[in-house]
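> Here it is: the structure, laid out below.
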Amino acid sequence: MFFTEQHELIRKLARDFAEQEIEPIADEVDKTAEFPKEIVKKMAQNGFFGIKMPKEYGGAGADNRAYVTIMEEISRASGVAGIYLSSPNSLLGTPFLLVGTDEQKEKYLKPMIRGEKTLAFALTEPGAGSDAGAVATTAREEGDYYILNGRKTFITGAPISDNIIVFAKTDMSKGTKGITTFIVDSKQEGVSFGKPEDKMGMIGCPTSDIILENVKVHKSDILGELNKGFITAMKTLSVGRIGVAAQALGIAQAAVDEAVKYAKQRKQFNRPIAKFQAIQFKLANMETKLNAAKLLVYNAAYKMDCGEKADKEASMAKYFAAESAIQIVNDALQIHGGYGYIKDYKIERLYRDVRVIAIYEGTSEVQQMVIASNLLK
């Protein structure tokens, strides 16, 4: 219904890549907190980093359905790999497509799609999480430059970034209408990073604070129009929700796979636990939730590909897929019993990785607000 033969070929390509290149190193990445640069390079070479980016910028020019299929398959092998995949296609690529100049696309977007440049999306602050409009980072005009001061927190990929997309207040009196987007060089004077967070999951893509102290940014590195940064941020996050939702699908599918395999192998009372109705009902509920979530994600991607407004559908997909994935992984761990609590089993990693999906790029509560606001218009 949602996919063409071409989409299915893309899915197979992503699945084969994930099984051959990512699955074998996923547990080691979780232990060492280092994702191999050669795998990142291979993902870029396979066209994954620009799957839905226009061909003129080095992308594949595919659609949102192609993107979610790849996200699903890559995340099935590793949620962390899904982060590396989603960034150029979503949080980091979208702002350039929306408001970037030709020069900015040439300088930042193209190298990012090729896997040669890494960026970070710096919106969240200690006092501005779900209330993104409350950013306190300031940008003061000084001739041909703006001087940035502030602190960003929980920024994915910050310590390994070459450049940072920073949202700062250029007019303190206008609230969300006084926020501007800047492109900042990670290595320039005044930019520093906090200690990488000791995270529960998604280990292998570092997360840290970014400290900006009198950072001098030329006006040519303003991304979009002055005081229009909040609009850019919100549009970017809206587009990105289906990617995160697809990431949830991949992790949930991996959990179902592990639970089915374990239930068939594990014997109690002289027979596989898969023969017990209690386990069968749990597996049935997991599979039903997963397929319901898939339909929501695929429908949102399809509507976006048709050029229809899909804010509500994207939020429904992100909300339901995230919450369902958490429940599915929890049930899969329960099926494993005590072994599910041991790091030698994949389900333990999935349990830690999946939890953040209901938090980042818009919490489940924010998604509910978006859904409700669309209903009550």
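Placement of Cβ uses the backbone N, Cα and C atoms for every residue, glycine included.
Predicted, not measured: the structure shown is a model, and the values here were computed from it.
Pulled from Swiss-Prot, these are the listed features:
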ACT_SITE  E361  active site, proton acceptor
BINDING   121-130, 154-156, R266, Q277, 334-338, 363-365  FAD binding site
> Just how many other Cβ atoms lie inside 10 Å of the Cβ on Q334 (FAD binding site)?
13
> Rounded to the nearest Å, what's the C-alpha distance separating E361 (active site, proton acceptor) and S130 (FAD binding site)? Just drop the number here, would you?
9
> For the binding-site residues T124, S130, T156, which one has the sparsest Cβ surroundings, going by other Cβ atoms within 10 Å?
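Output over binding-site residues T124, S130, T156: least Cβ neighbours within 10 Å is S130.
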> Report, as a single number, how many Cβ atoms besides its own are within 10 Å of the Cβ of S364 (FAD binding site).
17
> Note down the number of other Cβ atoms within 10 Å of the Cβ of G127 (FAD binding site), including every protein chain shown.
11
> With an 8 Å cut-off on Cβ-Cβ distance and a minimum sequence separation of at least 6, pull the same-chain contacts of G337 (FAD binding site), or say none.
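In sequence order, R266 meet the Cβ cut-off.
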> Per DSSP, to which secondary structure element type does G337 (FAD binding site) belong, with helix, strand and coil as the options?
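SS state of G337 (FAD binding site) = helix.
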